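Working notes for the structure below.
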């Protein structure tokens, strides 16, 4: 059974994305005198499609690539990951086996350096699953991955920090240029793909250009780490462990393909539930694998911990961190350490504001889940959403901690109960301060400083409105 997400149904607006095997990607078929119009084309699991009206007639094999998915406006989110073949544990294990064979021949020029990057949310999901602490989980995962032939196992801390630093500066610059224009976060690929496909040129100017931590990590691994190892970036196979399937599509965007290295910044994305599946197939619990320290190649001094939180929110802390920075930078105000967001319609839509001289000078919000996202977009279209200066937007209810590819609840356990338990684990983590010695070193030694042409090129991206299909009436909702 496929473990990829599927088409978003209207009844799923506040729940996990579920699998589907249908795709409306138009395929050119030679017409014959007996051909009928209006037939539905269904992609089958074995790689061919069938025309449903005239019976199960085997047609020419069709291949749908990730680029087809990204260029297709048929699905309203990036849930087309059901079609992904190069972003799976099977593909990963194949690469690891082939690399081991090359090593055995002694042809070291052809050996690839395998690098794993693990995000915080999957660590917490797997920690809960195997009843370990976050740090213990990180160390046992490092040992397990190394037993498979992985060379380096990293955390996302430095990329998380850089994403926050870039996003906070981007917000301040935008505010000074045009304080009326709402800025929307950009780290959630499900939200970005939905925006490109459904609202296009209207919504894209609102979205921050700062890359997600996954893609910042891709640049650091394929360029900065490659320089340190004195190998071309194309010799590195970079794998990330993420909480949602949409990260697979994000890694496959052509915006994140390096012409210099002739490779993607992130070659493969696997998810929490796929790691669990790999461990199940190994028939050993995570704690049974030898523990090993994570690598820290960015500076000589290692941080005291490898698993960090970023403010109190569970999706990177964008709203809280940027609010505090902007209050100080723009208005010389120092908000309290712990911010108090006001809940609106539900726990997934909250807001906070800063008052100065009887005027609201900053108004931020957090909008999780597609129901709240749709309400937000409609407000923007009606001109009412402009009251927000910044909105942290995440496609999944409760944010990344409840990503669609996190380990599933046990029998009898509700999703919200599991999410609350993961939230408690997150709150116990040490809190990272992004402006630290490690990020300063990367700005100095790799990016030629902050706000430079190189940092703008490598830490920011662009978006593309997807043209609507002429066959839009055939979309299955």
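Using N, Cα and C of the backbone, Cβ positions are placed for all residues, glycine too.
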Return the residue out of 244, 268 that Swiss-Prot annotates for the same [4Fe-4S] cluster 2 site as 188, 396, 400.
244
Would you say which of the binding-site residues 188, 400 has the most Cβ atoms within 10 Å of its own Cβ?
188
When DSSP states are folded down to helix, strand and coil, where does residue 400 ([4Fe-4S] cluster 2 binding site) land?
helix
Surrounding CB atoms that lie within 10 Å of the CB of residue 244 ([4Fe-4S] cluster 2 binding site), all protein chains:
31
Set of same-chain residues at least 6 away whose C-beta sits under 8 angstroms from residue 396 ([4Fe-4S] cluster 2 binding site):
188, 190, 244, 368, 369, 402, 403, 404
